[in-house]
Ligand SMILES: Nc1ncnc2c1ncn2[C@@H]1O[C@H](COP(=O)(O)OP(=O)(O)OP(=O)(O)O)[C@@H](O)[C@H]1O
Ligand SMILES: O=C(O)C1=C[C@@H](O)[C@@H](O)[C@H](O)C1
Ligand SMILES: [Mg+2]
C-alpha cells in the first residue's frame with residue numbers, strides 16, 4: 001500500500017483530480033491546506049500568512065505532512081508550495097507515489113481568472129503581474145516538482161491513470 005501525493009502549482013488540478021482518483025481507487029482523499037486550517041483552529045490560510053508569516057505557515061505545513069499515515073490509502077492533494085520547502089519532497093518520495101500535474105503558467109492563469117477560487121496569499125487574481133508571478137514560481141519550483149515519480153502534462157483520463165498506477169501501489 002502506498003499513498004499518492006499530487007503536487008503542482010495552485011490551480012493545476014490537485015483537488016479535482018485527487019477526488020476523482022481517490023473514488024476510482026477506493027482511497028481516502030485528503031487536502032493538506034485543509035489539514036493546516038484544522039490544525040490552526042479554523043483560521044484561513046490568508047490569516048495565517050498575514051498574522052504569523054510564511055515561515056510559520058511552512059512549519060505547520062511540514063508538521064501536517066508528517067501526520068498523514070505512511071503506507072496507507074490516501075490520495076493527498078498537497079499545498080502548491082509544499083514540495084519546495086524543508087525536506088518535504090524527500091519525505092513525499094519516501095512515503096508514497098508522487099505525481100506532478102504539469103500545467104503551463106498560461107493555463108494556470110486562465111483557470112485562476114475563470115473560476116471563483118479561494119484567496120491565495122501568494123497569487124492575487126487582481127494583480128496585473130499575476131502571469132509574471134506564475135511564470136517565475138513555475139520556473140523556480142520545477143526543480144522540486146520534477147522529482148515526482150510521474151509527470152502528467154495537461155488533461156488526464158482518471159480511469160487510465162488509476163490502472164497505470166495500480167502496478168506501483
Ligand atoms: N483538467 C482540467 N481541465 C480544466 N479545468 C480544470 C481541470 N482540472 C481542474 N480544473 C479547474 O481548475 C481549477 C483549479 O482546480 P483545482 O482546485 O483542482 O486545483 P488545485 O491544484 O487543487 O488548486 P488549489 O491551489 O486551489 O488547491 C478549478 O476551478 C477546476 O475546476
Ligand atoms: O503555492 C503556494 O505556495 C501555496 C499554495 C496553496 O495551496 C497554499 O498552501 C498556500 O496558499 C501557499
Ligand atoms: Mg486544491
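Quick reminder: no glycine exception, Cβ is built from N, Cα and C everywhere.
Matching 63, 120, 135 to the ATP binding residues that TrEMBL gives (11, 12, 13, 14, 15, 16) identifies 120. For the substrate site, TrEMBL gives 33, 58, 141; the one candidate out of 18, 80 that the record lists there too is 80. Closeness to ligand 1 is met by 80, these being the binding-site residues among 58, 80, 141 whose Cβ falls under 6 Å from the molecule. Spatial neighbours are here defined as Cα atoms within 10 angstroms of one another, and by that definition the neighbours of residue 14 (ATP binding site) among the binding-site residues 33, 58, 80 are 80.
Checking the binding-site residues 13, 15, 80 against ligand 2, the ones whose Cβ sits under 6 Å from it are 80.
Here residue 33 (substrate binding site) is positioned 11 angstrom away from residue 15 (ATP binding site), judged by their C-alpha atoms. Here the Cβ of residue 13 (ATP binding site) has 21 other Cβ atoms within 10 Å, regardless of which shown protein chain they belong to. 15 are the binding-site residues among 12, 15, 80, 141 whose C-beta comes within less than 6 Å of an atom of ligand 3, given in sequence order.
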